[in-house]
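Database features, via TrEMBL:
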DOMAIN    54-275  domain 'O-acyltransferase WSD1-like N-terminal'
DOMAIN    332-386  domain 'O-acyltransferase WSD1 C-terminal'
């Protein structure tokens with residue numbers, strides 16, 4: 001039995017309500033492979049003392065009030081209901097790595113269709129597999145977005161050399177401090193040159209601001225049109241009626257970061273994301289050309305959707321302090337979406353796909369499409385509800 005903690009209920013966020021809709025019911029799966037079989041009791045002890053159980057969402061039940069609205073209600077967590085041991089999900093025929101991956105992938109694919117998370121406990125589970133030795137984490141998307149959940153998972157780990165220290169999370173280069181930049185301009189080659197540089201610097205900021213406004217309006221208008229009226233032409237990869245109920249399959253791809261860096265260096269100012277989008281574009285083009293040759297027009301568009309993190313990135317120590325202080329800043333989902341067009345191209349050099357992807361992403365980075373999509377969706381769900389929005 002679980003005894004409830006006396007803390008006032010918190011209403012579910014609009015995005016959390018959306019993820020709980022039967023049409024969505026989104027569960028995040030994360031597989032973590034280990035070298036040796038795990039000690040279940042040690043796993044329970046580690047989780048019991050981890051950052052996960054300090055996060056309010058991981059120890060809250062989903063309940064409904066008299067009006068049918070969802071709320072989070074704090075409760076005591078019974079780890080025996082959350083730590084589940086899997087007895088031989090499939091027989092491994094050999095020790096080949098691909099065979100092991102297939103066993104884990106097939107198990108996750110089965111979970112994603114036939115095993116919803118029970119509402120009589122907080123919406124997360126850990127499945128421990130003996131063969132192959134692996135842990136499968138299941139988190140309902142209503143608990144939080146991927147960035148938040150991965151931060152919590154990493155914050156629950158410790159360094160090998162120092163069991164009391166959390167890992168160092170590389171949050172990327174921070175913005176350069178611009179204090180004193182105007183002062184430096186004044187003293188470079190005299191006051192007159194400093195004034196001219198100041199004017200150019202100000203004009204550059206204004207042009208950047210205008211670009212942000214124009215690109216944001218253009219891309220968000222495109223998103224509205226594609227949500228309501230405009231559709232991509234059907235191809236062999238288009239889903240059919242009831243596609244959400246079709247059997248699932250999880251496939252693992254191995255990509256070497258060193259190879260991706262070689263491609264990145266071949267194009268000036270390219271990023272790993274540019275290379276990834278270019279690879280997806282090239283892969284779709286080859287697949288479509290193989291499956292339906294001569295049936296597609298050049299530059300036929302396939303519209304993809306990418307999520308954009310809108311949270312301020314924190315180090316793990318700051319994240320730990322925030323969760324322990326019960327701050328609301330990290331709770332729930334906070335991400336926007338952007339549309340990523342992919343174009344069918346036949347007999348094109350692979351680098352051309354990357355160049356086109358880079359040009360697309362460079363324009364997206366100059367807009368607030370992701371932020372607008374989050375705010376508008378949040379407002380629509382709040383005012384109209386999940387079913388009508």
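Backbone N, Cα and C define each Cβ position, glycine as well.
What TrEMBL says about a protein is an automatic prediction, not a curated fact.
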For the domain 'O-acyltransferase WSD1-like N-terminal' (54-275), mean pLDDT (0 to 100): 81
Structural state census, the domain 'O-acyltransferase WSD1 C-terminal' (332-386) (DSSP three-state): 32 helix, 10 strand, 13 coil
